[in-house]
Protein chains: 2
Amino acid sequence: MDERAALALLADRLPAVGDDAAVVDGLVVTTDMLHEATDFPEGTTRETAGWRALGASLSDVAAMGADPVCAVAAYAAPGFDPAEIGAFLDGATGVCEAVDCEYVGGDLDEHDEFTVASTAVGRTDDPVRRAGARVGDAVCVTGTLGRSAAAFRLFEAGETARANDLYRFVPRVDAGRSLAPHATAMMDSSDGLARSLHQLAEASDVGFAVEYDALPVDDGVRAVARDAVDERALATTFGEDYELVVTLPEEALEATREAVDCGLTRVGVVTDSGVEMDGAALADEGWTHGR
Amino acid sequence: MDERAALALLADRLPAVGDDAAVVDGLVVTTDMLHEATDFPEGTTRETAGWRALGASLSDVAAMGADPVCAVAAYAAPGFDPAEIGAFLDGATGVCEAVDCEYVGGDLDEHDEFTVASTAVGRTDDPVRRAGARVGDAVCVTGTLGRSAAAFRLFEAGETARANDLYRFVPRVDAGRSLAPHATAMMDSSDGLARSLHQLAEASDVGFAVEYDALPVDDGVRAVARDAVDERALATTFGEDYELVVTLPEEALEATREAVDCGLTRVGVVTDSGVEMDGAALADEGWTHGR
């Protein structure tokens, strides 16, 4: 059984599963486990790891249109190195402070592989879910796409300082809050734009038609892409970007765009069925954690 | 640096650290990471593992006198075996249902060692902390001590069915709720009674004098103990029991004892300084996670 089949098994048994975060009684809660071998390229500092681990959970809170309250992390490593733990804390507290969330520590453990499990808790009375997109809505993305893909290539090339900079991201909490009153459906792009569109399509029982030339491709992608085909892959299926993918009525677009601090780009429209880019089917490919 | 030194480093930087759960804005949040090699003896079923992982976090919520709202877990294993995931879910949902908490799923990951990170969230306007014990208060424990130690010995002996039964525990949420209005300090006994007393003593700047004969030693301990010395160790330092250790005014004892559903035993008294059992110093020994 692969990860997606396993997640489907969970969804059958746990009605709260299926959005970026679970919704319970005015709270949203989300948890992620990250491992050195699969989630942190060689050269990732412990500060960047702390930033990204907590950032991934805060991005899920943002994708629900919720206000983060606090975040915790369980940190496991082959030894308790004070410098490494301090750097991790710098990153964890840094990303939490960037979105006005309190980092409240967690658990420490010895383990043969550096592993972090982060959890964030937020509040909202009116969460935005993956279900709710309506035919004719605009589909938009925040920020730029492919930033993490570009960072990944820089890690491969040994340019770790620039890679670490690019690899830290500000979770789109402010944008999520601004989008929430108008959004009909929303999720983050942690598995890449293509997979996000497929997941929104399935949850909302709709389709999407997007245009590649409309995508806000990060300048970093253009700098590292081998060719035009590679650029498309980095921008649409690499994932790990933690931008928001959101649907909203066309008439709300202009006012919302002004309220979103990080840029909001209309990339296409909600259709009856099928996920297409430039008129051709867009495959359901993307980041699979643990690959 | 050992685990306790690392935790002290965390406590320096994170003011919310130092109780069984962090307190933020009317919520309590706690997270734990457990690994197959260090936390689950050979023979532990995935159902028992799910039960204990979530139970450990719910015990921390109970120790704050809070009401659990929801719990999540990140589950990592060398493959996604549907039967194993299903059994884990049985345990995770089972322990949550036992204390009226909603289990809302979490994350799934491939990893070479079975690892679980669980997080529980609770609500309370008036959390009970480790600091607050007053000289002359009674010190009490819920339930019985040594149940997990007895289970551990049964696992070693290959009696896995009985061991798994003993190894599942009901987190003391109801007891915590009943104790909260009267408790001056409280924590759970996850590291054993001896270490809990030392931690309460340090946080409250007091001491303890307890009597071994007063301890509610589990019948299971007597059945597996090699001799009287061994019995004492299993009951006081083995840990992993998840009972509550609580201080409260003597005059509140009788009414509180009636309100606690799982038994509440007075084991000693709060003193000026020092942690003693039967008049001799009780060493600060106990379960160290990741040992």
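Cβ coordinates come from backbone N, Cα and C, glycine included.
Note that the coordinates shown come from a computational prediction; the quantities given were computed from them, not determined experimentally.
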### Query
Of A:ASP20, A:ASP39, A:ASP67, which does TrEMBL put in the Mg(2+) 4 site with A:THR30, A:ASP60?
A:ASP20
### Those binding-site residues, out of A:ASP32, A:ASP60, A:GLU240, that come within 10 angstroms of A:SER190 (ATP binding site) at the Cα
A:ASP60, A:GLU240
## Note on the structure
A:ASP60 (Mg(2+) 4 binding site) has its Cβ surrounded, within 10 angstroms, by a count of other Cβ atoms equal to 29
### Message
Checking interface proximity: list the binding-site residues among A:THR31, A:ASP39, A:ASP107, A:ASP188, A:ASP191 whose CB sits under 8 Å from a chain B CB, in sequence order.
### Response
A:THR31, A:ASP107
## Note on the structure
What DSSP gives for A:GLU240 (substrate binding site), in three states, is coil
### Query
Near A:ASP60 (Mg(2+) 4 binding site), which binding-site residues out of A:ASP39, A:GLY106, A:ASP188, A:ASP191, A:GLU240 have their CA within 10 Å?
A:ASP188
### Query
Reported as an integer number of Å, what is the Cα distance between A:ASP32 (Mg(2+) 1 binding site) and A:GLU240 (substrate binding site)?
13
